[in-house]
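Notes follow once the structure below has been shown.
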Amino acid sequence: MSEPANERTGFHRVLLKLGGEMFGGGKVGLDPDVVTKVAEQIAEVVRSGVQVAVVIGGGNFFRGAELQQRGLDRARSDYMGMLGTVMNCLALQDFLEKEGIDSRVQTAITMGQVAEPYIPLRAQRHLEKGRVVIFGAGMGMPYFSTDTTAAQRALEIGAEVVLMAKAVDGVFTADPNLDPTATMYAQITHREVIEQGLKVADATAFSLCMDNEMPIMVFNLLTEGNIARAVSGEKIGTLVKS
């Protein structure tokens, strides 16, 4: 059985995972209105003194697993997806700067003209100086999702929680779009998510967080102000913890 919801507290350093599909507004490419709203919410949180790192997917440009089904080599299609994440990172950086928020993009694949290489200690120094650090190009290796990247980066930079922003309100007993009787968990363990096969993120990400006692908060990005609510510890979405 899942545990009852406990009192939640605010966080000081967070890793925000954003799905690339949402950056496209459900289409291929970038939706400036969506990116603007995300940047505004992140800026509000940073101004309150919270340190924010971000991992963005690339699903609005390429999805490696889907390209593989159409005949492309899986490793090569994954690299294409990594490049898509970098485009999203640069877009978010630009909109954050328009909000007056200093930011840095760090990529797992070296591309010195547009971003810094991924260096964990440098990322932590940026965070301590109030800069948003945006991680691009996934893990830099095929077969690893950006959800797994978010879990790994959160652990390496010493984040207190992974804030997993989705297009749904939290973790449900079943897909709420297909099953009208599905109910949302207020709190659940990593193991329960994995054992029940709940399709929130890939099992590797949840397993990594479970092994290292990293909590995950799943919430709806499309609700205005939810990033700030999640950071402050309000009872929104689903808290996944051991």
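Here the Cβ of each residue, glycine as well, is placed from N, Cα and C on the backbone.
The ATP binding site annotation in Swiss-Prot covers K17, L18, G19, G20, G59, R63, F172, D175. A coil conformation is recorded for G59 (ATP binding site) in the three-state DSSP classification, outside any helix or strand.
A coil conformation is recorded for M141 (UMP binding site) in the three-state DSSP classification, outside any helix or strand. Its own atom aside, the Cβ of M141 (UMP binding site) has 14 Cβ atoms within 10 angstroms in the protein chains shown. The UMP binding site feature in Swiss-Prot is assigned to G58, D78, M139, G140, M141, P142, Y143, F144, S145, T146.
Across the fold, the C-alpha of G59 (ATP binding site) and the C-alpha of M139 (UMP binding site) stand 15 Å from each other. If you take the Cα of G58 (UMP binding site) and the Cα of L18 (ATP binding site), they are about 9 angstrom apart, rounded to a whole number. Binding residues for UMP (G58, D78, M139, G140, M141, P142, Y143, F144, S145, T146) extend across at most 14 Å, taking the greatest CA-CA distance. In the three-state DSSP reading, G19 (ATP binding site) counts as coil.
Ranking the binding-site residues Y143, F172 by other CB atoms within 10 A of the CB puts Y143 at the bottom.
Between the C-alpha atoms of L18 (ATP binding site) and M139 (UMP binding site), the distance comes to 15 Å.
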